[in-house]
Amino acid sequence: MKLETKAQGLRGSLRIPGDKSISHRSIMFGSLAKGVTTVRDILRGEDVLSTMQVFRDLGVTIEDDGDVVRIHGVGFDGLKAPQNKLDMGNSGTSIRLISGVLAGQDFDVEMFGDDSLSKRPMDRVTIPLRQMGVEVSGQTDRDLPPLKMHGSKSLKPIYYELPVASAQVKSALIFAALQADGESVIIEKEKTRNHTEDMIQQFGGQLQVEGKEIRISGGQTFTAQEVVVPGDISSAAFWLVAGLVVPNSKIVLKNVGINETRTGIIDVIKDMGGKIKLSDIDQVAKSATITVETSELKGTEIGGDIIPRLIDELPIITLLATQAQGKTVIRDAEELKVKETDRIQVVADALNAMGADIVPTEDGMIITGKTPLHGAEVNTFGDHRIGMMTAIAALLVQDGEVDLQRAEAINTSYPSFFSDLEGLLHG
């Protein structure tokens, strides 16, 4: 598709679609609780719809009237063997977390996904699950999907130090540990997003978190809850950057989730001199209104323990760095290589094709700014975040057209992205 270029300014306010991580987990916990859980403001992107369909296939009744989702929970002991293979679509969250849910189920399942998911390694989940007594096999020595799995009703608890900083792996092991005989200990490499831990407590469960150590006992039961999903900061990130780099812009984003494990991008924007303000802060819902406006930016260094707090925002942060004076270095981000695409290479290739100065490294990128951007053809390779990054980059283009291939990938997490963009262009 041909993208909008030569933006004169972005103005207006947006309510950001529901957080993808919390939407996935609300379906999972709602299914595993006893009673009817209601979820408001859920994200209806393709990944979340995949999770919803999988739990229906496992025997859970889920009603969606377009406003509220109602989940008739069955508990861990009420899940049924599916009649067919479980389709995870493009969703790494779905296949990894649901592997943990199914670890304690005494039936055969096969989980598969699209071409992109079929290239993503699952060994980081399958290795510890095997230690707990699960039979699971995938393709190649990295256990690529499809995965065949038979869980165990007598799962062994685990003491496990995560070799990578991954909220998905941590969450998969937490779901398995909830079904194990005894106490499990999971130790993170770096602190990652804690929505799973928060939701266990919201649904009446218990766990102990001290620093990077999580202790969790098996045999717990959950009680249905009312969940309101805040806006997704990973989706808001595209508008935060657009408001900072497009001339004559001021954007107000309402009801954005500001869980402390997800707000690395706000810290980076402040470090780079961006004009950003938080207001209407709700400490309980962990949400706020965020306002940004066009700013003079300077390069910065991004690495260490901030990386898990902004891993999904690094593509759009890279674009931000191309519009900052001086050098920006991103390091310790090798996890980008096993996302929907190798995001180090694909981001660098896309923005360099448009005139940026980006050198990919083994664990990140070196970006030299400020560079004007020009027209190019860019392929998302099925990665939603590459698509949205390119659409924001196109707004800065004064010379030539930007042709985005496979733009439909954006529907994975933000189906209303282009209509929201139109609103800001004419705000």
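Yeah, the Cβs are placed from backbone N, Cα and C, and that goes for glycine too.
Per Swiss-Prot, the features are:
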type	residues	note
ACT_SITE	ASP312	active site, proton acceptor
BINDING	LYS20, SER21, ARG25, SER166, GLN168, ASP312, LYS339	3-phosphoshikimate binding site
BINDING	LYS20, GLY92, ARG120, GLN168, ARG343, ARG385	phosphoenolpyruvate binding site
Nearest to ARG120 (phosphoenolpyruvate binding site) by Cα, among LYS20, SER21, SER166, GLN168, LYS339 (binding-site residues)?
LYS339
Of the recorded positions SER21, SER166, GLN168, ASP312, which sits closest to ARG385 (phosphoenolpyruvate binding site) by Cα distance?
ASP312
Using CB atoms and a 10 A radius, I'd like the single residue among the binding-site residues SER21, SER166, GLN168 with the highest neighbour count.
SER21
Tell me the Cβ neighbour count for ARG120 (phosphoenolpyruvate binding site), meaning other Cβ atoms within 10 Å of its Cβ, over all protein chains shown.
20
Please give the maximum pairwise Cα distance, in Å and rounded to a whole number, for the phosphoenolpyruvate-binding set LYS20, GLY92, ARG120, GLN168, ARG343, ARG385.
19
If I take the Cα of ARG25 (3-phosphoshikimate binding site) as reference, which of the recorded positions GLY92, ASP312, ARG343 has the closest Cα?
GLY92
Using GLY92 (phosphoenolpyruvate binding site) as the reference point, find which of the recorded positions LYS20, SER21, SER166, GLN168, ASP312 has the shortest Cα-to-Cα distance to it.
GLN168
Taking 10 A as the limit, how many CB atoms besides its own sit near the CB of LYS339 (3-phosphoshikimate binding site)?
20
For ARG343 (phosphoenolpyruvate binding site), what is the tally of other C-beta atoms lying within 10 angstroms of its C-beta?
25
Return the residues near ASP312 (active site, proton acceptor) by Cβ distance under 8 Å, restricted to its own chain and a separation of at least 6 in sequence.
SER234, ALA237, LYS339, ARG385
Would you count the other C-beta atoms found within 10 angstroms of the C-beta of GLY92 (phosphoenolpyruvate binding site) for me?
21
Between ARG343 (phosphoenolpyruvate binding site) and GLN168 (3-phosphoshikimate binding site): CA-CA distance (Å):
18
